[in-house]
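What follows is a short report on a single structure.
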């Protein structure tokens, strides 16, 4: 049925449902599972109107955020490697506009389907800026599945 | 013109902006727009309009030419730091000019016309002056169309230009002011900064939140908003979500304060010192302090002067707080940070520029040396400080008829003004500067007392008499042309900087507000704003500036 499934996750509660669903389908169909985590481009807005700091302090902050995100992605990857044992899995990391990078990853991996989590009703932990459907849908090269 | 293959935005927007500036300059010079400027009450700035538009247009065309020559070539430092920033600089300049010369006067006119409908002046209530309008325009642009690609590099100069504004502000303080305000601000900021930091740490303990989160939030809520968060996050090893929530909370709370503070300040009748002290203490973000002070009073910079002293004092606390948090967090993590990492890297260098300008001004580089050491008045006999012959006639008539209700000092001051045509000491004392100045100050106090009592409706004087007295008092205030020029430049720098900084406030960053940082931030922010309000209202009554 599916040869390649692309799972987009940051490990948030909504994304964990997508992880379970994608793993389940990969096991059933024997599809290759690609997991993509995207360093959100919106982080560049997060120093806001900070104007007092020296460029050194700002650079330190940017570098620190990058390290932190990478650490979180490392932890996520480690957890998923254990969870997805027995599956043909590869991990991708991207940085940029979420919608654009997701579609690029889908094209590069030749994905038959993209799986991601639904918007959460309750305030979930983590960076809250998510993709926008209006930006994502027109670019998608394959069907999109939202895990309920 | 096509984009180059090295990532340079097209030259077309720059050429359009430069052409518009040139066209506008030509129209201003031709006088075609003068009637409109008169109706908008901006005609006094026609000279400045000509200068700024022609300089801007020439700069734009020269840059466009150089960029065109350098298209399809690798970018060097000159390209990155000069050629690629000029389009954005001109973009913000055009916005600033449009806001100061068109948008603000139109808003004021419309607001006045709406008085019969609304019953109040909308622009006064919402403080819709060029500063607030500039920030709003910046926020609207960045959250709707986004910052145009051609302007992206130039918009980043806003941070630098805002710092230049604060540096130039340094030339406006006297030793006396800086010493007096500095002492008040050290006490107030010391109490509220440290108080808020410890209050947030206490709340974090109470709500059982991680140390990394309470650490980064305490710095942001206590010291100077996003800047402190950026400086402290690596020190307390904050997690990404904690940083994002904290920054979102601080930005959102700061924007609310920026609009609420000036309105509240006016409602309760704060004077410039009180408002500057309150804004400088209660508002988290330093740029928003400047904006709130200019929103409270954009014409007279007294409020800004007080607010900035508090602001700078707070910024100076940043390395101290980083040090405190580093030792507090370091005990848990076992990681030691160097003095350079904690203090030197976090020290805001532009404050040295502020102090340099202050010292240069104090040593008389911009004006006579005794002029900015708390002596703001020139009582010497000279034609410049005289009232006009028409005003003299008005005052002589009033003296003949008599003004009922004047006390002895006021009457004497009034008679001396008529006799000397200006406020001055006794001619016989002219060689004894102390005695001469003391007498003149008493006379000025007498005249100011008449004006104050007339305003309070204790006595009644005619409008022409009031105008003449005000003119006489104003005439002894000495102004250095250099200082006036520096002040004008500073006001433009702030207008420019705040538009650019408005463009940094994005919906996406505000949307990050949430979680425990929002709860704890709201509690601590409201507590700080309320307590500092009470302290200012009860203890900062003295108007120390003249």
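Glycine residues also receive a Cβ, built from the backbone N, Cα and C atoms like all the rest.
Remember, predicted model here, so these are calculated numbers, not experimental data.
What TrEMBL records for B:12-34 (among others) is transmembrane segment.
Residues or ranges marked as transmembrane segment by TrEMBL: B:46-66 (among others).
Annotation comment: TrEMBL describes B:86-103 (among others) as transmembrane segment.
As annotated by TrEMBL, transmembrane segment applies to B:124-145 (among others).
Away from its own ends, the transmembrane segment (B:187-207) comes close to residues 213-215, 217-219, 221-223, 277, 280-282, 310, 313-314, 317, 321, 324-325, 328, 516, 519-520, 523-524, 527-528, 531-532, 535-536, 540 of its chain (Cβ-Cβ under 8 Å, at least six residues beyond either end). Here TrEMBL flags B:187-207 (among others) as transmembrane segment.
Summarising the annotation, TrEMBL assigns transmembrane segment to B:213-236 (among others). Long-range contacts of the transmembrane segment (B:213-236) within its own chain (CB-CB distance under 8 A, at least 6 residues past either end) are made by residues 192-198, 200-201, 203-205, 242-243, 245-247, 249-251, 254, 284-286, 288, 311, 314-315, 317-318, 321-322, 325-326, 328-329, 337, 342, 346, 516-517, 520-521, 524-525, 528.
The transmembrane segment feature in TrEMBL is assigned to B:243-264 (among others). Counting only same-chain residues 6+ beyond the ends of the transmembrane segment (B:243-264), those with a CB under 8 A from a CB of the stretch are 125-127, 132, 135, 213, 216-217, 220-221, 225-226, 229, 233, 275, 278-279, 282-285, 288, 291-292, 295-296, 505, 509-518, 521-522, 525, 529, 533.
For B:276-299 (among others), the entry in TrEMBL reads transmembrane segment.
Cβ atoms under 8 Å from those of the transmembrane segment (B:311-329) belong to residues 166, 182, 185-186, 189-190, 193-194, 197, 201, 211-212, 215, 218-219, 222-224, 227-228, 231-232, 235-237, 280-281, 286, 289-290, 337, 342-343, 346-348, 351, 354 of the same chain, restricted to positions at least 6 beyond its ends. The transmembrane segment annotation in TrEMBL covers B:311-329 (among others).
Annotation comment: TrEMBL describes B:349-366 (among others) as transmembrane segment. Nonlocal intrachain contacts for the transmembrane segment (B:349-366), taken as residues 6+ away from its ends with a CB within less than 8 angstroms of a stretch CB, comprise 163-164, 166-175, 178, 312, 315-316, 372-373, 480, 482-483, 486.
The feature transmembrane segment is assigned by TrEMBL to B:483-506 (among others).
Proximity of distant same-chain residues to the transmembrane segment (B:518-540), defined by a Cβ-Cβ separation under 8 Å and at least 6 residues beyond the stretch ends, is recorded for 184, 188, 192, 195-196, 199-200, 203-204, 207, 209, 214, 217, 220-222, 245-246, 248-250, 253, 257, 261, 264, 268, 270, 273-274, 277-278, 281-284. Annotated transmembrane segment per TrEMBL: B:518-540 (among others), in sequence order.
Residues of the same chain lying 6 or more positions beyond the ends of the transmembrane segment (B:483-506) and with a Cβ under 8 Å from any Cβ of it are 48, 92-93, 95-96, 99-100, 130-131, 134-139, 141-143, 147, 155-159, 161-165, 168-169, 171-172, 251, 255, 287, 290-291, 294, 298, 301, 304, 361, 366-367, 372.
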